[in-house]
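Features of the protein shown, as given by TrEMBL:
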TRANSMEM  A:22-42  transmembrane segment
TRANSMEM  A:54-74  transmembrane segment
TRANSMEM  A:94-122  transmembrane segment
TRANSMEM  A:134-158  transmembrane segment
TRANSMEM  A:178-196  transmembrane segment
TRANSMEM  A:227-248  transmembrane segment
TRANSMEM  A:254-274  transmembrane segment
TRANSMEM  A:281-301  transmembrane segment
TRANSMEM  A:307-325  transmembrane segment
Amino acid sequence: MSTLTSNPTASDQKKRLVSSGALQQILAFASLIILVIFFSIASKNFLQWSNIEGILLSTTVIGILALGTTFVIITGGIDLSIGTGMTLTSVMTGVFIVFLGLPVILGIIGGIVTGALIGFISGFSVSILRIPPFIATLAMMMIAEGLSLVISGASPIYFSDVGGFNNIALGSIFPGSIPNAVLIFFLMVLIGWILLSKTIIGRYTFSIGSNEEATRLSGINVKKWKMIIYTIAGCFTGVAGVIMASRLNSAQPALGMGYELEAIAAVVIGGTSLSGGKGSLIGTMIGALIMSVLTNGLRIMSIPQEWQTVVIGFVILLAVYFDMLRKKDR
Amino acid sequence: MSRKILEMQNINKSFPGVRALSNAQLDLHRGEVLALIGENGAGKSTLMKILTGIYQKDDGSIIYDGKEISPVHTKDAQEIGINIIHQELNLMPDLTVAENIFIGREPRDKLNFFLKNKALNQQADKLFQKLNINLNPRTKISELTVAKQQMVEIAKALSFNAKILIMDEPTAALTDKEINTLFDIIHWLKNEGVAIIYISHRMEELKRISDRITVMRDGEYIATLPTETTEIRQVVSLMVGREVKIEQKISDPDAFTDTVLEAHNLHNNYIKNVSFHLKKGEILGFAGLVGAGRTEVARAIFGADPFSGEIKVNGVPVTIKQPVDAVQHGIGYLSEDRKRFGLMLEMTVKENIVISSLANYSTAAFVKPTNMKTDAENYSNKLKVKTPSVNQPVKLLSGGNQQKIVIAKWLLKDSDILIFDEPTRGIDVGAKQEIYDLLEMLANEGKSIIMISSELTEVLRLSDRIMVMNEGRITGELLNRDANQEKIMELATRHN
Ligand SMILES: Nc1ncnc2c1ncn2[C@@H]1O[C@H](COP(=O)(O)OP(=O)(O)OP(=O)(O)O)[C@@H](O)[C@H]1O
Ligand SMILES: [Mg+2]
């Protein structure tokens, strides 16, 4: 029998590096380092521990939202409901703990379950009702926004009487070290990374995003897996909501709109392709860090807030441009 | 145990506006290769999709191994040993070879949750050893050539314990060497007792590989013939319902005088110092093995890839940096990969045909729909496109009919220099003849044509002159009266 195919050549290997997304991740990581070096030269306050702690702390909420939505984006979908969804989970946590007087732990679980439920409904609309993800989650975004206001009576729910609620995010289980919220963020990175690269959920996430029809024809129940994936993203939203509530020691029903776009920006900067099939959680983590380093650094350099937004806009353009280059290289 | 492993009877299937199958039938013996042939749109793929649970039949019966079955999912069919390699590649480009092959069946831990990637790759290696295929399980699909991707599809289908294996035009994108490997695999499978349904438009393959031939036409069963005692001519006339002839062209080289296109030293990553010229009214064939660089020459001329070198149109040097420039100089290109580059699958037949010529139908940016419809209908009739109306989305047409739409598009555009890249890939014998007639008619009307084809009979049948390529270089030029298959093959494999 004759055999086909030749050995991979050097150029094959180069191509692999480029197309595997490794390059994009290296690029993102290098940008992060360069930014850090730049800002530490520009301002001597930048590298102070309290500032670094501040950067990490401000990464947590957007970062956790971004981790969850990375799953959805890899399937070729998008989730616009994570911002206000997070608000709704904060409000529900408040309802469980403050209004109903449930123990804190049950309130936290209730918040995360709320997030999961929001994700599940989005997933159901997308896969069973076949509504395009953009529309389905846009609707969910508005539903969650409205419900938060209705349930809370449009005013914040304060946890001031709940002893130690603030410490969930801001305390540290290892006294004197970094805040719990940051630890939870890294824990979520780890959990997400395991899910995405070591389990069947991750495999089908990539498979669906790469070619949904082929996945279906391979006998995979694509609808079921999509619902599972959106639900997982919803759990991440729930965790972010709890942390948000704890950080503010209150559930703010009017806060959250716009967070989804920042999270999606972090995902894109981290090298996950909006057309699906490619992406990584480490990339998303780096993307989220880049966003908060930029915001923090520009603020320390006394650049006005308006200009900070403009700069971040350009960074997103640049990141997507590199993604396009990568595709063209095929 | 009966000799028949499968019997499909009186299968009917309608899609909105199309009767795809009417009383279709098919029977398959254990361990045989049954060739299933018919023109584009005859219903071959549809019948196979019903057998594998992708479509559901309207009525009729499927008896498999003595029992009636009606699969409603691919999985149902796979589990009882019926597997298909689809006409269109169905792989996940961002996943690796092994991940693709074992998708849905990947080795897992006891929780049925965590993946065992090492075991996965070992399993794939074992499979490749058994099939004598040389592939790396860890390579991403997007890094493989189309031919290798096809081998992955084959390996995937064989990784199930298939009792029936359906191959829908498996050789359309393969090189001769790869086709030989495929045929070796088919022989080996036969010995293992696997029954194979083999769909192809390449008549010469049927003799080599099949035991019996089933012919379909217009969704109906026509006949089943033993291959040994059947002439290809017979099969073809059953298929199209009339006689078809194939011959070699002899033309007078002095008949062509005006040079319309000249290429000097075209050079880029894929092609090396390619020079040639094209005369008015001429059909210039480009022959060579798959990967010889013919498509890359076409892409350079059309401005799709950057290159160095000079191009003259009607004696005047022109700058072609992007396809718009080429179109402006009257050059049209029919891509070999019509799905990716040639068609908007979601749009209708009409919209696809007129898309490049919209300017002709509009006054001050308003589109005049009436002319558009009649023109689209004219071209669709001229090329005998099989579609209920020009308002049908292109994705619902059979592969061959889609190709005709691409041709119609450029014909309407009125280009003077037409580059056809594998114009008859996936097209049946009858439609091929129509496309040959069409190319000749166009040449007679004074259009100049570059035709890239991997089918030697086609190159010989159509070309006035033949350029042969290998490894990105032109290795020879032949007038049609001096050319034959052996000479072309010799040049196509020559290294210089
Ligand atoms: N999903 C669908 N919706 C509507 N019409 C369809 C659909 N699938 C196939 N058809 C139509 O059914 C007919 C049979 O198509 P089929 O793909 O089975 O032909 P085929 O014999 O495989 O042709 P080819 O050799 O070109 O691949 C065609 O007229 C086609 O347009
Ligand atoms: Mg077909």
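Glycine is treated like the rest: Cβ placed from N, Cα and C.
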Seg_contact(the transmembrane segment (A:281-301), the transmembrane segment (A:22-42)) with at least 3 CB pairs under 8 angstroms, min sep 6: yes
Would the transmembrane segment (A:254-274) and the transmembrane segment (A:54-74) count as touching if the test is at least 3 Cβ pairs under 8 Å, pairs 6 or more apart? yes
Using a cut-off of under 8 Å between C-beta atoms, tell me which stretch among A:54-74, A:94-122, A:227-248, A:307-325 contacts the transmembrane segment (A:178-196) the most. A:54-74
Close approaches to the transmembrane segment (A:307-325) from elsewhere in its chain (Cβ under 8 angstroms; 6 or more beyond its ends): 24, 27-28, 265, 268-269, 271, 273-274, 287, 290-291, 294-295, 298-299
For the transmembrane segment (A:94-122), could you work out the same-chain residues 6 or more beyond its ends whose Cβ comes under 8 Å from its Cβ atoms? 68, 79, 81, 85-86, 88, 133, 136-137, 140, 144, 151-152, 157-159, 161-162, 164-165, 168, 227, 230-242, 245, 250-251
